[in-house]
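Structure record follows, encoded as structure tokens.
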Amino acid sequence: MAFYEYNLVVFVLFNSCLVYLEHRRRRRAAKKHNADDEAARASITAGEAVIWQFKKKFLPVYLLVFGADWLQGPFIYPVYKDQKGLAEETVAQLFMTGFMAAAISASFVGSLADRYGRRAACLFFCVAYSLSCCTILFDSIFILFIGRILGGLSTTLMYSVFESWMVTEFHRQHLEEAGSLSDIFGIMTTLNGVVAILAGLFAQELADFLKTQTAPFMAAIVLLLLAFSSISRRWNENYGDSAHKGASSVELLDEKEDEEKEHKNGFQYILADKRLWALCLASSCFEGSMYLWIFFKFPALKLSHEEAGLGQELPFGIIFAVLMCAMMLGSMFFTYYSSLRSSRWVVSSSKLLIVTLFVASGCFIVPVLTHNKAATFWCFCIFEVCCGVYFPSIAHLKEKIIEDGVRAKIYGILRIPLNIFVVLGLVLTKDGLRHRENVFIICSGALAAAAATMDAFIAEYKPKMSADFDPSSVDLDTADPAAIICYLNQGANDYNGQLGARISALFVILIVSSAATFFPVVAARVRWVRINIYVYLFARYFGAGVIIATAFIHLLDPAYSEIGPQTCVGMTGHWADYSWCPAIVLMSVTMVFLMDFAAERYVDHKYGFAHNHQNVEDIITDHPGQDDEVPAGRPRSLTHNQLHSGDQDDAMHAAISAAQTQKDLPSSSKKDGSDPYNSDPEKSTTVTPSDAELEERSFQQQIAAFLILEFGVIFHSVIIGLNLGTTGSEFSTLYPVLVFHQSFEGLGIGARMSAIPFPKRLRWLPWFLCTGYGLTTPIAIAIGLGLRTTYNPGSFTANVVSGVLDAISAGILIYTGLVELLARDFLFNPELTRSSKRLTFMVVCVLLGAGVMALLGKWA
């Protein structure tokens, strides 16, 4: 049996087992109910009947609507590209238009649905999506763009108003006592998977039978008309804020709060509740990653298929069926798992969602590390299982957190960043293995960040002090230690004026830090700037010491003081369950390692090997790091390690500079063999293709590690910029210290960047990166000045955000400083200079940079 068919059989068996387990659970529940008294049995029977009627009213419409979407989904691209013969750029613009329309409409369609009725919005959806399907019959590009706009609007309605109507109606009929919404959410996802498989098979058969790819769109219109008819006849109308109508006086808010709620828009609701922030981030990262994965999954599978030496075509239909079975497995697992009684092995929906996000994150990393066919396919199957768990889990959390009165409004707004995420992903999409692997790495990191945010905010995110805690009279034997620590650590806004000095800090730090960052880059890349090699080595290795000290003194220590075990955050809620600070640092180090390893793998895959592995004779003789002279302006053959740290001696520094200059020459100079550095044509030497290839390898390998380093430093710069703009009496001390702090970090950033051989097509990138670092802290100071009277750097939320960012940045800088800067330059570099004088100078510079930066840690 073939590989994919075998997997299909396995997933069908797993699904059958879960169906059996769920059936047995329901039979046991029925037997238990039969053992109760007659009145209880009657009550249960009546409740089940009501729930059954509710499901009969909602689920057929839901499946008709999503069936219509599944029918046309696989054929949109073929119709545009093949049947209508549109250019690839035009097709991309059509898809972009749909996502942009979805993002824009998400800001207002939910509010309109809450105001004029969710049932009316569902009816409008059926009409709008039917019109969108009709536009596919026309060849006019204008009408096709109108169709994509209607399609984007309809997608927003489909994913917001139907679920809003169902949840609100469930609460309005007080069905909580008769059944669980978690059960309905699980059934929705499971049946949606079944409908997806059936719709895909039916659409293909219909298109083949009628010999036109527009046939599934017409079939979709039929399903939408049936849904319209059912909604019109069987659904009741419900509106925004309907949950409060008819409630008892105990349940009603006071009049002042009611007035405030009426004037709040959806964005204000989200800004006021950090749990909604977490939901927004989770849904954007997961669903955005899912859409990008749909775009890249088949190219990844084709690559693994080809590398396995299999010549036949991929069985796309069977693969689609396996993936849908995997999603059904996830949804049925959620239904079964959520019905179990609470125990140490049964966690809440929020915890289950956090675990799902972490697992999904891993599913994107493995295909980057290996192109093995089985590993890649199984990771994709596990991701589909995660999809099956994710959708009912996130729906359950939204049902618990979002009020019925604003449900459609919030559901719509939560889809705005999702659509922006997908649009950016599509705009930046390129062909090639490297880009696909970069997308997978970014998706993996985004999912891990979403999981960490969910864990921080979905649980109780504000510390709760004991009701009887009196700060003026504390009994240390009985008082809650967390309440004491939280009271002692309570912060307040410390701003005390000095606005002019703070504004000056913005410009001083901008100029000084930018100058320090640009200096090494200018010295290395501008030919007429000539500096002593020892000046350059000082900048480079002093900067390395600064980065290492920053990781431990300026990032790791503050992270412990903000979210460590003995802090208010670390003693509150789920933060007290584990020592999260070192865990975040470990996760950060691991992610940087995986990205670095992926860069190595890419270079190895594209060029054949990642490093220039020399013969043992070369390594143990005088050749590595030799100080023999190089004729002026004469480039010589360069290895990766020479490019990485060859500027440790004058000869190698000259070789790198000459190679860079030769690479930037006009093509005519290279073709005629002329050497601008040597007037004798017979002795002219140009950079051979192998040298240019080595430079490209070195750039591809080093740039990923450097970008990670810069982003880690930028995270830290944002925090200290905010603090400088809002701090109180400490401002006078903090101001000069941060000027030196940012200058030294900028020197380290610029020095590391100057050693990277940027190709000619990216000669603008080092200047852009230098500018980005120079602007980060001033912008953060400006934001701090804008919030100077309201921002509280000691608040619980501020400690969580800054603590998590500091821990992430600490992990990045620890890995980069110890592995990329020290180990690679001093321990594992066969091209290391043999000059004891120069080596001593380099080590002293590292120690000096670390010592000065550690000393600055006393004040900032």
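Every residue gets a Cβ built from N, Cα and C, even glycine.
TrEMBL annotations: computationally assigned, not manually curated.
The compositional bias 'Polar residues' annotation in TrEMBL covers 658-668. According to TrEMBL, the feature region 'Disordered' maps to 620-645, 658-694. Per TrEMBL, transmembrane segment is recorded for 6-23, 61-80, 183-203, 276-296, 316-340, 375-397, 409-428, 503-522, 575-599, 703-722, 764-787, 839-857 (among others).
Sequence-distant contacts of the transmembrane segment (839-857) (same chain, six or more residues past either end, CB-CB distance under 8 Å): 534, 537-538, 540-546, 548-550, 553-554, 557, 648, 737, 740-741, 744, 748, 822, 826, 832-833. Touching of the transmembrane segment (6-23) and the transmembrane segment (703-722) is ruled out by the presence of fewer than three CB pairs under 8 A, sequence neighbours closer than 6 excluded. Sequence-distant neighbours of the transmembrane segment (375-397) (same chain, 6+ residues past either end, Cβ-Cβ under 8 Å): 3-4, 7, 11, 163, 181-182, 185-186, 188-190, 193, 279, 282-283, 286, 290, 293, 297, 300-301, 304, 319, 322-324, 326-335, 338, 349-350, 352-353, 356-357, 359-360, 362-364, 366-367, 458. When the stretches 61-80, 276-296, 316-340, 409-428, 575-599 are ranked by Cβ pairs under 8 Å to the transmembrane segment (183-203), first place goes to 316-340.
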